[in-house]
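Listed features, source TrEMBL:
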ACT_SITE  ASP214  active site, proton donor/acceptor
BINDING   GLU17, ASN160, ASP214  divalent metal cation binding site
BINDING   ARG109, ASN111  substrate binding site
DOMAIN    15-273  domain 'SMP-30/Gluconolactonase/LRE-like region'
Amino acid sequence: MSYKVEPLPDSYAGLGEGPHWDEARQSLYFVDLEAGSLLRYDYKQNKTYRTQIEGETLAGFVLPVEGNAQEFAVGCGRRVVIVNWDGVSPSAKVVRTLFEVQSELKANRLNDAKTDPRGRLFAGTMRYIGDEFEHRHGELYKWEAGGSVSVVKSDVGISNGLAWDEKAKKFYYIDTTDYEVKSYDYNFDTGVASNPKVIYNLRKTSPKDHILPDGMTIDTEGNIYVATFNGATIYKVNPSTGKVLLEIKLPTKQITSVAFGGPNLDILYVTTAAKFNQPAPAGTTYKVTGLNAKGYPGVSLK
């Protein structure tokens, strides 16, 4: 099968993360995590816009807020804040804080987050000062309109990839430090996940060979796409069998996350990182075409 990998223009992010396809605006939103920056790739213009959030040094994720074209939920440190951005201006402002978690754990920050198909926010934390493999101080949280925050999972090293499958009634979750993808039975009416089960294991023969699973998305056939940090590869996996259906190779090692988008939802957008002095083109954001698969648009926060 022949797929094509191409860079997006002006899409560099030192730690690119959190790609979210906004169908209404035909735009891909993503973050430069350790720069406190938000980026928007406009499909029609084939142009990338970037903004700096005033007073912030971290931006873990960016999710549009339903019903307000200029508001976005962003993970800044341990706070989920609402940022006002017109999608073009080089600076953006925090207008209010939705909630804060783990305020006593100064070495922690929010990492990956997504909304479930009903618009609930799932966001997780990790230690970013010190060894997150040794100190599993992260948690996965759920926030629902009305303001209630609950813990979905504790004992997390690096809270990462999230995906839902309404047909199979499943929620998929990655804690990078577990080297695996777990599936949960998921009640879409209540937002409750239960019965965790390992469906894909990336452990290798020795710890130095372990592949680190990072961000994740899902296609309309129910296959998951697992980005690998240091693996230069996205694995397309059948979650029912654990079988790898396709290995998508990228020209740089640190693949951080993936999301389907484009007018037909058949383009796989890929964020990468340039951590620890990775050479160019590390940090570039890519589009992968020719996969003969479609995904789902991102869901705004309700």
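Any Cβ shown, glycine's included, is placed from N, Cα and C.
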Inter-residue C-alpha distance, GLU17 (divalent metal cation binding site) and ASN111 (substrate binding site) (nearest angstrom): 9
Least Cβ-crowded entry, counting other Cβ within 10 Å, from the recorded positions listed as ARG109, ASN111, ASP214: ARG109
In the chain carrying ASN160 (divalent metal cation binding site), residues 6 or more apart in sequence that have Cβ under 8 angstroms from it: ASN111, ASP112, GLY124, ILE174, ASP175, THR176, PRO213, ASP214, GLY215, MET216
Predicted model, mean pLDDT over the domain 'SMP-30/Gluconolactonase/LRE-like region' (15-273): 95
Shell list (divalent metal cation; ref centroid = CB of GLU17, ASN160, ASP214; cutoff 8 A): GLY18, ASN111, ASP112, ILE158, GLY161, ILE174, THR176, GLY215, ALA227, PHE229, THR256, SER257
